[in-house]
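Here's the structure, in structure tokens; my notes come after.
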Amino acid sequence: MGARASVLSGGELDKWEKIRLRPGGKKKYQLKHIVWASRELERFAINPGLLETSEGCRQILGQLQPSLKTGSEEIRSLYNTVATLYCVHQKIEVKDTKEALDKIEEEQNKSKKKAQQTAADTGNSSQVSQNYPIVQNLQGQMVHQPISPRTLNAWVKVVEEKAFSPEVIPMFSALAEGATPQDLNTMLNTVGGHQAAMQMLKETINEEAAEWDRLHPVHAGPIAPGQMREPRGSDIAGTTSTLQEQIGWMTNNPPIPVGEIYKRWIILGLNKIVRMYSPTSILDIRQGPKEPFRDYVDRFYKTLRAEQASQDVKNWMTETLLVQNANPDCKTILKALGPAATLEEMMTACQGVGGPGHKARVLAEAMSQVNSVTVMMQKGNFKNQRKTVKCFNCGKEGHIAKNCRAPRKKGCWKCGREGHQMKDCTERQANFLGKIWPSHKGRPGNFLQNRPEPTAPPAESFGFGEETTTPPQKQEPIDKGLYPLTSLRSLFGNDPSSQ
């Protein structure tokens, strides 16, 4: 880390740590951002030592700028970091990243105008490309330097390891910066495996070449002396054109960037291959119940890079699906953060969710709540179980007969008779009808005890004799004897009305 962090001196490092990441934000650049940028440059086969000077930062910006439109968020972040570092090297006072980008754009516009003015003054307004691999030699001639084996090795290694994952496209764009169609074909021919993907790429290139020929028909008539013929689709693809013709088109006035056109066709075909090698839709990316939030975010953004959609649609997918497809634990935390939360805040809040430590903490909180509720219920039940006692001797509440100070009541407390105690009382409790219940004979007490049975007509009307049924007047003494007053004595004690 020490070698990577040595790109800034003491004073420059102080200025670096005062620049904010976003306008009006609290977070500022730190030393770790330089370390991260150097690692990303190594991943893209770019020398991280270029970060030590302003000229090196300018070269890095020149290679990364064409990839901003089709690149990922990592390339954009890398470009912003290098642009801010360039301003620190140039001693340009900036407050945040946006201001640094504005300064870079302003400086680029000035350099373009200056180059155009210089070309106009010298009588040569041709915009000569200074990008590798077409360079200008000491005699002022534009010559081509073949693509280096190191670049080819980096490209082959990426294809073998990543197998046309979404990060292959920005890697190809960075390695093929300023390349001619011949260099691009060399890069494609070095891919040994994945011939099915290579065949799909060739079909896409043929389709784009046919579309180019349709939109750019050949002009009739001879070509004027000193002028080059217009390139056809096969010329752009490098199959019917020589290296000198390709260099001539790219350095002509006005130039025809056949290398950039061919690279766009290849990137279009690579997008189709990436979509085929990544069949998983972004809608199917869901966080597992025990999956860390960081791994879920990595899978989400990797699949999002393979989606063929505009940046606005991708932003909507990120804002909506990232929270919607999280597991219930993380979803609760993310909804509490609100819709304006940054990705860093989300990952910090969900750190450790789903692991054994988080599960143990949630279980401990749940158990503590259950225990507190149980204690409260037990205390409440204990209070409710305290009933007021009543004395059988005096009938007052607050004490029992054992501790009663009143004169002891004579006789049984149940039946009122003397000679025995309540525990030895053999008299059974009478019900509200005055009967001893349960009755082992007769009808139940709540039924009519003496139901009149239907009788036949008088005997004289049928000639059966003079005897008739029992007159109903004789039933009165029976009815009167159904509820004897003596039975109420066991229920209400000595009834004065019965005496």
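A Cβ is built for glycine as well, from the same backbone N, Cα and C atoms used for every other residue.
Marked as N-myristoyl glycine by Swiss-Prot on the basis of similarity to another entry: Gly2.
Beyond the motif 'Nuclear export signal' (16-22), the same-chain residues lying 6 or more positions past its ends with a Cβ under 8 Å from any Cβ of the stretch are 8, 28-31, 34, 84-85, 88, 94-98, 100. Swiss-Prot lists 16-22 with the feature motif 'Nuclear export signal'.
The motif 'Nuclear localization signal' annotation in Swiss-Prot covers 26-32. Applying DSSP to the motif 'Nuclear localization signal' (26-32) sorts its residues as follows: 2 helix, 1 strand, 4 coil.
Per Swiss-Prot, compositional bias 'Polar residues' is recorded for 116-128.
Within the same chain, no residue at least six positions away from Ser148 (phosphoserine) has a Cβ under 8 Å of its Cβ. What Swiss-Prot records for Ser148 is phosphoserine.
Under the heading region 'Interaction with host PPIA/CYPA and NUP153', Swiss-Prot lists 189-227, citing similarity to another entry as support. Along the region 'Interaction with host PPIA/CYPA and NUP153' (189-227), the predicted structure has mean pLDDT 86.
Beyond the zinc finger (389-406), the same-chain residues lying 6 or more positions past its ends with a Cβ under 8 Å from any Cβ of the stretch are 413, 422. Per Swiss-Prot, the feature zinc finger maps to 389-406 (among others); the stated evidence is sequence analysis.
According to Swiss-Prot, the zinc finger annotation covers 410-427 (among others), on the basis of sequence analysis.
Residues annotated as motif 'PTAP/PSAP motif' in Swiss-Prot: 454-457.
According to Swiss-Prot, the feature motif 'LYPX(n)L motif' maps to 482-491.
Counted with DSSP, the zinc finger (410-427) comes out as 3 helix, 0 strand, 15 coil.
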